[in-house]
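Just below is one structure, and these are the notes that go with it.
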Amino acid sequence: MSETPDSPRPVTPGSQASFGTYGGRPVSFVRRGTRLQGRRQAAWEEHAERWAIQVPRHVANTSVHPDYTFDAEAVFGRKAPLIVEIGSGLGDAVVHAAEQNPDKDFLAVEVYTPGLANTIIKINSRGLTNVRVVEANAPEVLESMLPEGSVSELWVFFPDPWHKARHHKRRLIQPAFASVAAKALVKGGYWRIATDWSNYAVHVREVLTGSTEFENMHEGERSGEESPLTQVWQSGVESVVGGAPVREGRAPVSTEHTGPNEGVDEEGGWAPRFDGRIRTSFENKAHEAGRMIFDLTYRKR
């Protein structure tokens, strides 16, 4: 069974969002809304006890007490491959995957409470039993909540790109995060990543190329003129954030590539679209803005 500490430290609502740090380290999110209304409120009150993992907190409202361990076999009532999605949003991807893969179990990790409520609504409407949700800070989930080598796949789709240079330290995928991801994954487990920003795609590729714990499953593929990065650089579609006209009175935010004709991506390493990743409303907005989607797939050595 899961181990629950006797007396978790009190929660400090909003502390992580306010200061942007936890345990002296930057966090990758801002909690923009936690209030529930209507269907979301009703779903949370009626079903959260069953579908939401009630973790003991540590020092903040999304922290996980370091003594707590998630026992997937006890929670799901069986031993099955566990897939974890970090930043599950409204739950479209994880719920679809759970429906298509009844032989696997899924854990949706999110800090946006309305998104988790939406996920619970979808779980109930489809009669699924192989999905759970947890409101928690992702690095803590991977570092201490999940047992070492317990995750068969890790998904991070469209993380916040944190465009401004002074905010790059808040990007989720950093060397330290790669280390805790490797700790949670089984040997040979997959880490699937998608982003609609070329600058973040390059950042991810650099971080994981520098990791000795992962190998790129598509090393050298889709390079040169076939690279989506080359296409973005040469088109100049990301000359300002959004690839669209800047609103009146607002300054453009550079993504560090102003195009056109900036060069050719000779490194490549981009994966084909993962069949299990459905096109969500969030991704649709990226396409409408003219941005390209970058997929990367790594395997734990």
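Cβ coordinates come from backbone N, Cα and C, glycine included.
Annotated range for region 'Disordered' in Swiss-Prot, selecting from 1-26, 27-52: 1-26. Residues Lys164, Thr280, Ser281, Phe282, Glu283 are recorded by Swiss-Prot as substrate binders, and the candidate that the same record lists for that site, out of Asp105, Asp196, Asp265, is Asp196. Summarising the S-adenosyl-L-methionine site geometry, the residues cited as binding it (Glu85, Glu110, Asn137, Asp160) extend over a maximum Cα to Cα distance of 14 Å. Annotation for Glu110 (S-adenosyl-L-methionine binding site): same-chain Cβ neighbours under 8 Å, separated by at least 6 residues, are Gly87, Ser88, Gly89, Leu116, Thr119, Val133, Val134, Glu135. Taking only the Cα positions, the spacing between Phe282 (substrate binding site) and Asn137 (S-adenosyl-L-methionine binding site) is 21 angstrom. When the Cα atoms are compared, Thr280 (substrate binding site) and Asp160 (S-adenosyl-L-methionine binding site) turn out to be 16 Å apart.
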